[in-house]
C-alpha cells in the first residue's frame, strides 16, 4: 500500500503506553516454541506472508483456541515511521460500527509490534479487475451510498481518513453475513482534525507534504493545503468516477521526476472541468464533485444531501438495493483457491439498508481493526509456509501515485482509456 506520507513530526501525538487488547493480553506477548513456530500473544500462530505495505508485512495467522484464520500485521519496533500503535489507537476511538472489522490483539512480538486482524474479502480494486475494469452505475451507487456513510462515521469520531483508494475498501468474506458490506480499512494515515486538548478544529495550513494517493487525492491536497473533511469526500468522488469511467484523465502521465509527475497530476485535475470528467454520466456525479470542492476547510459537509443525491438517482433508475454487485456470480480467487459468489445470496431490503448505513452515534466501544487481505480460507492449513524473512522499514516520507496493494490477483496493466456506459 504505497502512498505519499506526511512528516513524522506532523503525526498525531502517540501515547507512550502500549494499549492492551482483549483477554489474555497481560500474559506473555509472543513465544517461539522449539519447533520454530512463532506466536503472537497466547493463542495466535503466525503463518505465511499474504501481503505487505509501508507498515511492514501482513501474515496469515490462526487462533489456536477457536481454529479461525486471522491476519497478523507486523511492524518493526524500530520502524523509521511507526504507525501501527497509532492505527490501533484510532480503532479504539472508532469503536464498533458497520464496515469496521475487528481487532483481536495488539502487542509486542519480538522485534515487531503486532496487530491481529479479522480477515476480509477482496478489495474494490481486485473486484474492479475481476469485472474488466468497469463498474455499472448500479454497483457504483451502492458503493457510494455506503462509503459516504463510512466517511461520515469516521468524521463523527473527529478523524479524517486521508487514504482513499480502492485497495482500502474491502467486502466481507464469502459466506459471512457481512460479505456484501463495504468495509473501510487501514487507518495508518488518519489524523485527528479536532484537537483532543482544545476541542477545536485544527488550523488551516499550507505547504504541507502530500499525504494520500495522488490518483484520488483532492486538488487542495496537491496544492499543499492541510486536509480536512472535504478532502476525504472529494477523493471519494474521484474514485467513483474511476469506477464508472475505467480510468481517470490524469493517469499514466509521464515526467522525469516524481515531483514533476505529481505536479502534472494536480495540474491535470485542476484543468479538467467537472463536466468533462463526468460527461455521459448522470448529473448527480458532477453535482457531488462541485459540492465537495466548494466546501470550506472548516465546514461540516452535508452528508445527508450527498447520500440523497445518489439514493434518489438510484430510485429513479428503478434499481433494487439487493447487493447484486457486478462481481456477483464470478469466481473470486482467494489464497487457497476460488470462491463462487452466488447470485442468489441473501438480499437485504432497502429499508434495512437505509437504517444500517446511517452512522450510529451510540455504538458501544469495542476494539476494531481492518485487514488488507483478500479472500477467504478453507479447512486446509496454509500456516506451514511460515516465513521468517525480515521486514524492511519504509521511508519516512514516501510519495507514490500508483495505487498499489497486496492482493491475490495477478494484475494486468491496461491502457488508460476511459470506458463509458
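Cβ from N, Cα, C; glycine included.
Now, the feature entries from Swiss-Prot:
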- 1-13: compositional bias 'Basic and acidic residues' (COMPBIAS)
- 1-36: region 'Disordered' (REGION)
- 21-36: compositional bias 'Low complexity' (COMPBIAS)
- 44-314: domain 'Protein kinase' (DOMAIN)
- 50, 51, 52, 53, 54, 55, 56, 57, 58, 73: ATP binding site (BINDING)
- 163: active site, proton acceptor (ACT_SITE)
Worksheet item: For the residue listed as 'active site, proton acceptor' and residue 58 (ATP binding site), what Cα-Cα distance in Å is obtained after rounding to a whole number?
Response: 18
Fill in: Candidates 50, 52, 58: member of the binding-site residues with the richest Cβ shell (10 Å)
50
Item to complete: State the three-class DSSP label for residue 163 (active site, proton acceptor), counting H, G and I as helix, E and B as strand, and everything else as coil.
Response: coil
